[in-house]
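Since the structure comes first, as structure tokens, the remarks are kept for the end.
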């Protein structure tokens with residue numbers, strides 16, 4: 001049980017970053033697989049080879065018939081199944097610890113989706129593929145029923161030999177139970193993968209549309225400014241005379257005035273002389 005406790009502690013670290021569906025998968029994995037196989041499975045299948053009896057005393061015939069009836073032991077097949085299913089979550093835990101150390105050291109995560117989320121998606125996808133592969137392998141190797149009788153023919157048996165399996169009904173119930181747990185685990189993995197993909201879809205869309213959304217008003221404002229007609233030029237007005245400045249007749253006349261302008265300048269000089277006389 002020490003090995004199962006160590007594996008359970010590693011899988012328990014996955015729930016810290018798993019959604020609700022992932023935690024349900026972890027409960028199914030720990031209770032209905034590891035715990036049931038460690039407590040009940042060993043007792044059911046540990047004596048299957050010793051209790052496999054054939055009606056012959058030919059040396060090697062019983063072992064050959066047992067190998068043909070059960071190419072891989074149920075118990076060892078399920079042990080390998082659990083270890084392979086546990087590999088992606090354990091690798092994700094190792095990567096998360098490594099990533100947390102880098103982030104604590106000040107490493108920049110860079111643009112794009114979070115690496116932890118992508119790694120978790122990959123682990124769920126690998127877990128689902130392993131689950132489906134083992135379900136197909138169990139159906140092909142053992143079917144859904146452990147037959148009580150197995151007819152064996154071929155060397156080293158001298159003739160067709162009848163062999164009998166111990167506790168076939170109990171083993172059939174256990175095979176069906178384990179296959180049903182595998183189907184439930186696969187459905188939970190599909191639901192978790194779909195939940196993660198659907199949850200990450202609006203976030204990625206917001207990340208893509210964020211710069212466009214911020215730059216769109218500026219572009220619209222620039223286009224409207226280009227299409228707007230230029231403001232009319234106000235008519236030129238003469239500046240108002242400065243009350244503190246010299247009188248208007250003291251300013252020199254422009255160079256382009258006509259002969260009437262010279263007459264006006266003479267009148268201005270006469271006015272100045274009168275002012276000085278006063």
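A Cβ is built for glycine as well, from the same backbone N, Cα and C atoms used for every other residue.
TrEMBL does not curate its annotations; it predicts them automatically.
What TrEMBL says about this one:
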type: TRANSMEM; residues: 24-45; note: transmembrane segment
type: DOMAIN; residues: 43-76; note: domain 'Connexin N-terminal'
type: TRANSMEM; residues: 77-98; note: transmembrane segment
type: TRANSMEM; residues: 119-141; note: transmembrane segment
type: DOMAIN; residues: 130-196; note: domain 'Connexin cysteine-rich'
type: TRANSMEM; residues: 175-198; note: transmembrane segment
type: REGION; residues: 204-278; note: region 'Disordered'
type: COMPBIAS; residues: 209-226; note: compositional bias 'Basic and acidic residues'
type: COMPBIAS; residues: 228-246; note: compositional bias 'Pro residues'
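Here the transmembrane segment (119-141) has long-range neighbours at 17-18, 22, 71-72, 77, 81, 84-85, 87-89, 91-92, 95-96, 175, 178-179, 182-183, 185-186, 189-190, 192-193, 196-197, meaning same-chain residues at least 6 beyond its ends whose C-beta is under 8 angstroms from one of its own.
Outside the transmembrane segment (175-198), and at least 6 residues removed from its termini, the chain residues within Cβ reach (under 8 Å) are 18-19, 21-22, 24-25, 28-29, 32-33, 36-37, 74, 78, 85, 117, 120-121, 124-125, 127-128, 131-132, 134-135, 138-139, 142, 144-146. In the predicted model, the domain 'Connexin cysteine-rich' (130-196) shows an average pLDDT of 89.
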